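For reference, the structure is listed below as structure tokens.
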2 protein chains.
Amino acid sequence: MNFTRLLSTINYKKIPPSIFRSYSTMSIEKKLQSVFSKVDELKPVFIERLANAVAIPSVSGDESLRKEVFKMSEFLVKELESLGAYDIQVKPLGKQPPPVTDENLELPPIVLARVGKDETKKTIMIYGHYDVQPALKDDGWDTYPFKLVEVNDKLYGRGSTDDKGPVIAWLNVLQAHKELSLELPVNIIFCFEGMEESGSLGLEELVGREADKYFKGVDTCCISDNYWLGTKKPVLTYGLRGCNYYQIIVSGPGADLHSGIFGGVIHEPMTDLIRVMSQLVDVKGKILIPGIDEMVAPVTETEEKLYDDIEFDVNELNAASGSNTAIYQSKNDILMHRWRYPSLSLHGIEGAFSGGGAKTVIPAKVIGKFSIRTVPDIDSKKMDQYVFDYVNAKFKELGTPNSYKVELIHDGAYWKSDPFNDSFTAAKKATKVVWGVEPDLTREGGSIPITLTFEQQLKTNVLLLPLGKGDDGAHSINEKIDVKNYIEGAKTMAAYLHYYGEI
Amino acid sequence: MNFTRLLSTINYKKIPPSIFRSYSTMSIEKKLQSVFSKVDELKPVFIERLANAVAIPSVSGDESLRKEVFKMSEFLVKELESLGAYDIQVKPLGKQPPPVTDENLELPPIVLARVGKDETKKTIMIYGHYDVQPALKDDGWDTYPFKLVEVNDKLYGRGSTDDKGPVIAWLNVLQAHKELSLELPVNIIFCFEGMEESGSLGLEELVGREADKYFKGVDTCCISDNYWLGTKKPVLTYGLRGCNYYQIIVSGPGADLHSGIFGGVIHEPMTDLIRVMSQLVDVKGKILIPGIDEMVAPVTETEEKLYDDIEFDVNELNAASGSNTAIYQSKNDILMHRWRYPSLSLHGIEGAFSGGGAKTVIPAKVIGKFSIRTVPDIDSKKMDQYVFDYVNAKFKELGTPNSYKVELIHDGAYWKSDPFNDSFTAAKKATKVVWGVEPDLTREGGSIPITLTFEQQLKTNVLLLPLGKGDDGAHSINEKIDVKNYIEGAKTMAAYLHYYGEI
């Protein structure tokens with residue numbers, strides 16, 4: 001909690017930006033040595049910059065704090081300007097669509113900025129978000145969430161790891177180069193959004209609109225918005241599962257009925273729904289809908305090898321779930337079922353009694369919710385059809401007079417990149433030089449929809465380069481980033497730029 | 001909607017109460033003829049009395065209207081006083097227990113009153129309630145709910161049939177006798193409560209306290225707080241099902257988890273719960289827990305005959321449920337499964353996702369709710385054990401590491417009376433003389449817990465004598481009582497008193 005160490009002795013804005021020394025004859029390793037020393041030297045400044053960012057409660061999900069989200073975008077613009085970015089565009093996204101309380105509520109803008117415009121260099125698009133999850137001291141935080149507090153070499157505060165830490169780390173990379181008058185080895189296009197925690201409203205459309213304009217010429221994309229698998233080894237992430245979300249609607253009676261009067265004499269929608277929901281997945285997670293498992297890409301030898309070095313065991317899963325409820329005990333089984341096999345979860349039922357205590361209702365209309373996490377090579381449309389056919393067949397078997405319908409309500413595709421492409425290769429070298437180890441190549445069980453948007457719209461590949469650890473507590477109370485991850489992370493980012501620029 | 005017919009020309013308070021003519025030599029039929037004529041004559045006064053009662057919005061479930069519930073109790077006291085009741089006691093029940101907003105909220109009192117104290121006569125305890133369900137015009141009412149409005153010989157208004165209509169009808173019986181100076185054939189003890197729609201808080205304790213005091217010497221009880229089976233034939237009700245309410249608690253993870261990260265690698269509580277819930281009852285309503293059906297009393301010939309004359313068919317069930325979802329098509333099957341066989345309903349799940357849209361949560365703790373309607377001769381404790389054993393066995397079969405528990409959270413006993421006892425015999429005669437038909441002898445699928453309280457605490461039998469029709473819409477919008485039911489109902493009540501007094 002000691003911020004006395006925060007220095008303001010280095011007035012980095014005073015360094016003349018015009019004169020960049022030529023480092024052209026220097027090896028990458030030499031250049032990086034200078035950068036790493038500068039990063040270490042600037043550590044107090046970097047922490048102060050993050051503290052200034054965390055101090056702005058830019059919660060996109062809280063309408064009353066929308067002005068703070070805008071304030072955060074202005075903060076970024078100022079920082080970018082002072083660090084030599086140009087062509088800074090603050091893209092308005094219009095009014096937030098319903099449901100909103102204030103129908104004139106403006107969406108936070110997307111901040112675009114360039115650094116470098118050398119046609120002989122590669123161009124990297126770097127994405128991050130400057131909005132955060134809600135946080136209240138009363139939620140159980142040990143400290144005030146919008147004041148960055150350092151305890152035992154960890155920086156606590158909302159947004160410290162998700163995603164202000166990584167966003168500010170990129171700015172720190174700029175500053176280190178600027179102070180060294182060291183030219184960046186690539187052109188950078190920044191794309192910072194302020195609505196990620198609230199559905200990224202407007203982002204996909206903007207990327208589409210700007211694909212051939214602002215984003216023209218992008219060679220690769222880099223996103224730092226996920227986490228290491230555990231707490232010890234850095235990772236690079238090359239895959240995400242998709243998610244198809246379904247609902248089963250069963251209805252019969254004209255209105256909710258009293259179970260005293262109608263129990264035993266009518267076909268109850270809940271009975272039908274529960275019967276069918278119980279036949280979707282078994283207790284060991286096996287999907288009972290035929291055809292889905294058959295579409296899953298077989299595990300190749302190359303892929304299997306990727307798991308060898310990964311540090312993970314069942315204890316980490318149990319610690320994360322807060323229970324001893326693991327289906328599998330071996331590392332490979334757990335990680336493969338999280339990353340590269342589909343899963344089906346039953347989420348709940350809309351329309352049934354969901355309160356505490358006892359209510360003797362026969363719900364007239366109930367909507368069962370479940371989703372399937374998708375992986376290569378599942379054909380999403382085919383899977384939908386398998387689901388519909390199976391559910392309809394199960395209802396037919398029941399012979400119920402209630403009406404039923406199964407429908408897809410959300411469809412997000414999986415993403416898998418080639419972890420041996422140029423961008424991953426550069427990031428591996430960067431990790432090795434900073435952390436002294438090869439990064440684990442991981443996938444994630446969840447989705448980051450924007451990954452796919454960039455890949456498809458900009459027709460390029462995407463690298464997920466996480467900075468924070470698996471125990472950082474993004475979205476939770478006491479969110480933190482380790483000082484080491486924040487500082488070494490900036491070094492890794494810098495090294496990545498240099499190695500990628502060299503290829 | 002025409003209330004111009006409401007008369008105030010008959011100033012019944014002016015009739016000297018001291019002189020009661022001796023009707024001792026007159027036959028019951030003659031006496032009843034006089035009563036019926038008087039009831040017809042007083043119809044406008046009776047409707048006005050009900051209008052005055054309905055105008056008081058005595059909603060017990062709305063704390064802000066508690067003073068209106070008290071006002072309604074005062075209204076009853078005044079009416080009872082003016083109609084010759086004595087020993088009127090307004091019993092306070094103390095503060096309403098939590099959950100309440102205002103922790104000093106007083107429970108509405110129970111109004112006790114006597115009419116007649118002739119030791120040679122039988123004593124009937126008459127129960128009714130003066131509180132009502134909530135009602136707002138905006139709920140969809142065609143008229144303002146707290147103004148009694150007559151349209152096509154129906155009286156619309158909250159409480160018109162549940163339960164102000166029947167309560168006021170008893171007062172009307174007193175008035176008819178008073179104006180005729182006709183002595184009542186029985187002693188009456190009234191017990192009117194103001195909390196029936198909100199759990200009858202305090203009533204059971206009061207009945208216990210007063211069993212050997214105010215209620216000493218009660219020969220039988222009569223409750224008019226249910227309805228005809230249909231709309232054409234009057235009924236007397238001799239049975240109610242009980243209700244045991246259970247919950248199954250399944251928990252595993254320490255907190256709700258993300259299905260992207262944990263889907264497919266942990267045992268999900270929802271999967272386990274849905275599996276077990278699906279094995280409690282089949283889609284045709286058959287309870288799958290062994291031992292329960294075996295305890296049900298066999299249908300006797302006498303009982304089966306009671307169904308012969310009952311007017312009811314599957315169309316009435318379909319109309320009531322607003323659907324064609326009947327499990328049985330024959331009258332006897334439907335009514336027996338509603339009244340004299342147990343049923344199991346799945347009500348919902350607490351802790352699971354229950355909102356609209358899509359949420360990819362793996363709920364950490366889910367609580368499945370179901371209830372079983374009980375009938376003679378199910379032993380409630382034995383049934384609980386069968387339920388616990390079955391559910392636990394089903395969980396064992398799953399082999400899940402999640403923890404589970406099944407528990408009873410509410411237990412209400414069934415009630416069945418002898419429909420050939422003195423009280424039912426008198427009520428049958430009364431119905432016949434007023435309506436010209438034998439009443440159907442019905443049971444109900446639901447519970448009226450106070451029935452059992454009176455039977456057990458006062459060690460006497462109870463008659464359920466409904467006034468309103470099956471389509472009156474108690475608890476619903478546009479609640480009504482037919483003028484005919486209200487007026488002929490008062491006659492039936494009067495005739496019941498006379499026939500019972502004669503036995």
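Using the three backbone atoms N, Cα and C, a Cβ is placed for every residue, glycine included.
Counting Cβ atoms from all protein chains shown, A:ASP131 (active site) has 27 others lying within 10 Å of its own Cβ. According to TrEMBL, the active site annotation covers A:ASP131.
Non-local contacts of A:GLU196 (active site, proton acceptor) by the CB criterion (under 8 A, 6+ apart in sequence, same chain) comprise A:SER60, A:HIS129, A:ASP131, A:ASP163, A:LEU203, A:ASP225, A:ILE450. Summarising the annotation, TrEMBL assigns active site, proton acceptor to A:GLU196.
A 10 Å cutoff on Cβ-Cβ distances gives A:ASP162 (Mn(2+) 2 binding site) a total of 25 other Cβ atoms nearby, all chains included. Under DSSP, A:ASP162 (Mn(2+) 2 binding site) is assigned to coil, being neither helix nor strand in the three-state scheme. Residues or ranges marked as Mn(2+) 2 binding site in TrEMBL: A:HIS129, A:ASP162, A:ASP225.
Look at TrEMBL and you will find A:ASP162, A:GLU197, A:HIS475 tagged as Mn(2+) 1 binding site.
A C-beta separation below 8 Å, combined with a sequence spacing of at least six in one chain, links A:THR360 (substrate binding site) to A:HIS258, A:SER259, A:GLY260. Sequence annotations record features per position, and here TrEMBL assigns substrate binding site to A:ASP225, A:HIS258, A:THR360, A:ARG373, A:SER447, A:HIS475.
Summarising the annotation, TrEMBL assigns domain 'Peptidase M20 dimerisation' to A:240-396. Across the residues of the domain 'Peptidase M20 dimerisation' (A:240-396), the predicted structure has a mean pLDDT of 96.
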Would you mind pulling the DSSP three-state label for A:GLU196 (active site, proton acceptor)? helix
Which ones in the same chain are close to A:SER447 (substrate binding site), with CB under 8 Å and 6+ residues apart in sequence? A:LEU240, A:ARG241, A:GLY242, A:CYS243, A:GLY412, A:TYR414, A:TRP415
Whole-number Å distance between the CA of A:HIS475 (Mn(2+) 1 binding site) and the CA of A:ASP162 (Mn(2+) 2 binding site)? 8
Between A:ASP162 (Mn(2+) 2 binding site) and A:ARG373 (substrate binding site): CA-CA distance (Å): 23
Just name the binding-site residues among A:GLU197, A:ASP225, A:HIS258 whose Cβ comes within less than 8 Å of a chain B Cβ; none is a fine answer. A:HIS258
Out of A:ARG373, A:HIS475, which has the highest number of nearby Cβ atoms, where nearby means within 10 Å of its Cβ, if these are the binding-site residues? A:ARG373
Across the binding-site residues (A:HIS129, A:HIS258), the Cβ with the fewest other Cβ atoms inside 10 Å is that of A:HIS258
